[in-house]
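Single-structure report; data block below.
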Amino acid sequence: MRLQFVLTEVLNGLRRNLSMVVSVILVTFVSLTFVGAAALMQTQVDKLKGDWYDLVEVSVFLCPDGSTAPTCAEGEATEEQIAELEQVIDTELSTVVEQTYFESKADAFGAFTELYPDGYQGTQLTADDMQASFRLKLVDPEQYQVVDDVLEGRAGVEVVEDQRAVFEPLFVALGRASMLAAGLAGVMLLAAVLLITTTIRLSAVSRRRETGIMRLVGASNLFVQLPFMLEGAIAALIGALLAVGGLWLAVQYLVLDWLQDAVDWVAYVDVGDVLAVAPLLIGIAVLLAVVSSVVTLNRYTRV
Amino acid sequence: MIRFENVSKVYARGARPALDDVSVDVSRGEFVFLVGASGSGKSTFLRLVLREERPTGGRVYVAGRDLSRLSSWKVPSLRRSIGVVFQDFRLLPNKTVHENVAFALQVIGKPRHTISTTVPEVLEMVGLDGKEKRMPHELSGGEQQRVAIARAFVNRPQILLADEPTGNLDPTTSLGIMRLLDRINRTGTTVVMATHDDEIVNEMRKRVVELSTGSVVRDEIDAVYGHRESILPAVGQTPVLDAPGRDAPAVVHRVQVTPEPADLEAERAAEAAAARAAESGDQQPAAALPAAPAVEDRPVDQRPVAQAPVEPVGPPAADRVPEPGSPDDVVQQVLREHERVRAGREA
Ligand SMILES: Nc1ncnc2c1ncn2[C@@H]1O[C@H](COP(=O)(O)OP(=O)(O)OP(=O)(O)O)[C@@H](O)[C@H]1O
Ligand SMILES: [Mg+2]
């Protein structure tokens with residue numbers, strides 16, 4: 001009885017201010033899409049970092065034949081120089097470096113042929129065209145500078161390169177985009193709160209007669225207010241579901257079908273990530289609706 | 001059942017109090033008229049009983065509850081023991097008669113089977129059997145008020161408050177409503193009714209509490225409405241006495257009302273329902289008021305109201321000739337004068 005009655009009231013209310021309800025749905029849809037996009041971009045950054053950031057090492061390239069770098073004046077790095085560098089890494093950098101891996105010219109060539117079995121841009125290369133290097137995995141990737149200070153300028157070292165620097169601009173761009181989305185989401189959420197508040201207020205005013213009688217015959221506060229709360233919550237919920245659907249489509253068509261084809265060596269956000277964000281969006285929507293209805297209703301339908 | 005102890009109510013700081021040190025005690029099963037001029041505080045009194053307002057001073061007890069100590073989440077339970085009827089009926093225009101009455105039970109969470117048995121019962125009692133599916137705009141004022149009373153009474157409240165329930169109705173229809181309220185009173189329900197209708201008060205011979213600018217100036221058992229001059233002090237005599245045409249023969253044309261067949265029918269139906277209930281149960285038949293006026297047997301110009309078997313306070317209204325100089329007379333004279341002036345202009 002109660003449930004059926006409340007649901008009928010809710011349906012009537014939704015029908016009565018249809019245009020307002022539609023605008024609530026659209027505003028929550030757009031704002032939550034921004035929230036979801038921000039969250040997904042953050043997820044993307046995390047994925048890239050997980051895949052690459054940790055694996056990417058500091059590379060200490062050793063002098064090859066014919067290098068113009070001042071430290072390479074004596075020509076190709078000798079066995080002694082290599083041994084000495086290894087010594088330095090083991091002692092002076094023992095707290096910073098977690099793992100050391102020496103990639104000889106032959107190793108580099110192996111990795112190269114694996115990537116480009118048919119030669120690079122039509123030239124067949126040999127192992128002698130490769131460059132030997134130390135690959136260092138750091139305890140804390142941020143401590144690149146320490147490694148650089150110690151090793152840069154030593155005999156036999158051509159250049160110390162932080163491989164993360166290659167990816168840094170990408171992360172910065174993604175981070176900024178997700179900040180931007182979050183900022184827009186904030187503005188849109190504010191608009192959503194105001195709109196939901198207005199809608200509930202309109203609904204409450206247009207049903208003053210009903211609520212007045214309800215209060216006179218002794219309906220409980222919750223019973224009087226529940227239909228309005230549900231109205232707001234349902235509209236917001238539909239908006240949230242639309243946002244989830246929109247993000248799903250975006251990920252499916254923009255990322256998985258298109259970006260993935262173009263650049264396939266990166267791990268992208270997928271539909272699973274969208275579903276992981278969904279509860280957050282729905283939660284925000286319900287919270288918005290409940291907060292705005294409690295604030296409004298206490299003013300307009302108080303006993 | 002209702003007890004006011006030195007109750008004061010001031011709406012706005014610095015304003016004249018709407019109620020000023022009012023002490024009234026209404027016992028269980030009583031029927032009380034609350035009379036007084038506009039603005040004397042009648043509605044305020046009723047709102048305090050409902051705890052729509054809180055007193056600024058004194059204490060209000062209703063059905064054993066001290067309303068000043070009643071926390072707001074217990075207010076709904078208080079209101080479930082009180083029914084309210086208003087001058088403007090306050091029905092929901094988009095709901096049928098049945099739905100309007102059922103609404104009162106639905107919103108307090110009564111189960112469906114209770115609703116489907118009690119609503120027809122109470123509709124039969126108010127004489128609206130067979131009109132369950134009508135919308136409020138398809139009913140006369142009297143019938144609408146019956147629906148409102150059914151809605152107020154369907155949960156069998158201990159107290160029924162009525163704020164000028166006959167204010168929008170003609171005298172005959174009002175009488176029907178009064179008979180209904182009287183019948184409800186006879187089931188043991190305490191009834192408090194605010195009204196301006198002197199004829200009704202005079203005929204019912206119940207307790208009368210008179211308010212004047214927020215104070216109780218009279219509280220009598222078996223009382224009459226009182227003198228117009230004292231209740232409507234604003235109708236001063238001096239200025240109108242000078243109205244021209246004062247010496248014309250005092251022929252009074254009172255407004256004549258032919259009762260609506262529908263209202264009479266409702267009244268007869270309610271009467272029959274009450275008789276049936278009396279036959280089968282313990283309820284005594286409502287006899288204090290005149291039987292339903294049967295308009296067919298009566299000359300149209302005779303007001304059924306005036307046929308009351310209870311001793312009428314004055315001469316029957318239809319042939320009552322106001323004493324010269326009384327407010328009634330003055331009003332009539334002014335009206336006639338207006339007529340004359342208008343007729344002169346048009347000629
Ligand atoms: N909500 C309110 N806010 C401020 N003042 C009010 C309010 N309600 C009533 N009043 C004032 O309180 C006084 C009593 O009003 P109340 O409505 O109780 O009179 P009443 O006897 O019911 O009059 P009427 O016969 O016209 O219905 C009036 O002076 C009125 O102006
Ligand atoms: Mg009033």
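Numbering starts at 1 and runs along the chain as displayed.
Glycine is treated like the rest: Cβ placed from N, Cα and C.
The annotation transmembrane segment is assigned in TrEMBL to A:21-41 (among others).
Look at TrEMBL and you will find A:56-160 tagged as domain 'FtsX extracellular'.
Annotation comment: TrEMBL describes A:179-202 (among others) as transmembrane segment. Through the fold, the transmembrane segment (A:179-202) approaches residues 17, 20-21, 23-24, 27-28, 30-32, 34-35, 37-38, 41, 228, 231-232, 235-236, 239, 284, 288-289, 291-293, 295-297, 300 of its own chain, all at least 6 residues removed from its boundaries and within a Cβ separation under 8 Å.
Remark: secondary structure over the domain 'ABC3 transporter permease C-terminal' (A:184-296) totals 100 helix, 0 strand, 13 coil, with classes taken from DSSP. Annotation source TrEMBL lists domain 'ABC3 transporter permease C-terminal' at A:184-296.
The transmembrane segment feature in TrEMBL is assigned to A:222-255 (among others). Tertiary neighbourhood of the transmembrane segment (A:222-255): same-chain residues 2, 6, 9-10, 13-14, 21, 24-33, 35-37, 40, 192, 196, 199-200, 203-204, 211, 214-215, 268-271, 273-275, 277-278, 281-282, 284-286, 288-290, 292-294, 296-297, 301, 303, selected by CB-CB distance under 8 Å and a gap of 6+ residues from either end.
The annotation transmembrane segment is assigned in TrEMBL to A:275-297 (among others).
The helix, strand and coil residue counts that DSSP assigns across the domain 'FtsX extracellular' (A:56-160) are 41 helix, 24 strand, 40 coil.
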